């Protein structure tokens, strides 16, 4: 059913997250139980938690949901589900079970819209080969949708935030700029072709990336979402105790995004992400401010940022480009040093 979901909210997608620094401050005084079976918790700023249940099997647990970032209900459902499933792929895992998390008004929006949201989400769960086990719906004026996801991984194939090593090569699998294009679309500034390309990219599962991580024994990765490339790279640098050097000229960018940034279309979430990354952000002299803000743009259902060995980097990129990710690129390297993200 046709209903403009953008009319319900001013902030949608992963840009609706609390600022990363504020979230860290909120959580630091809340003690969490320890257990020998917990392989990954929030200490390393990873994308999901991991609990080992036997020698060759661990469970990945995660959740993500947010307000609408586009007008069409089915497209919103697909993107929200794809974004939630991505956390499992970022850990090198395979989605197994999902629960729908839904907030929807009791009146004012036809229930057919909710049907379309859930249908879109189910399409992505089906594509991932996972199983929907139910969900929970409560009344809220602004629609919100996402998933809780359980995945599986062999602990030996687990990819985390804290395993980047000096000499690793950085690969990014999807183009940047969806946050800029979403904001520009609201303002009537975005080229329709660029906006549609961004929407299509947000509906691509990161499954192939996870498969290649297992194939090439990649042990450090994250997905680039609400905290932007700079924010997620900074989390990885802090967890791994190293520096991530990003060559901004090599970053894949959706067409039209740089022109929008140059015209001053910079979403508010980008400034929040800049504030979070600022303590560890080193910017080369003369680097255009638009390049810096591109790295801070909040992504929704973004690509994987992988740390890979130099001898397999080209092969991984080639396989990604032959598959679902034509924009995949080598974008930098890992070096020794105090935790930092270096933009040049």
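Residue 1 is the first one shown; counting continues down the chain.
Every residue, even glycine, has its Cβ placed from backbone N, Cα and C.
TrEMBL annotations: computationally assigned, not manually curated.
For the Mg(2+) site, TrEMBL records 47, 87, and the single candidate of 166, 168, 223 listed with them is 223. Matching 17, 156, 174 to the ATP binding residues that TrEMBL gives (44, 45, 46, 64, 87, 135, 136, 137) identifies 17. Within 10 Å of residue 87 (Mg(2+) binding site), judged by CA to CA distance, lie the following recorded positions from the set 17, 64, 137: 64. Here the Cβ of residue 223 (Mg(2+) binding site) has 25 other Cβ atoms within 10 Å, regardless of which shown protein chain they belong to.
Taken residue by residue with DSSP, residue 17 (site 'Important for catalytic activity') is part of neither helix nor strand, so it is coil.
Under 8 Å, Cβ to Cβ, and six or more positions away along its own chain, residue 45 (ATP binding site) finds 161, 235, 236, 238, 239.
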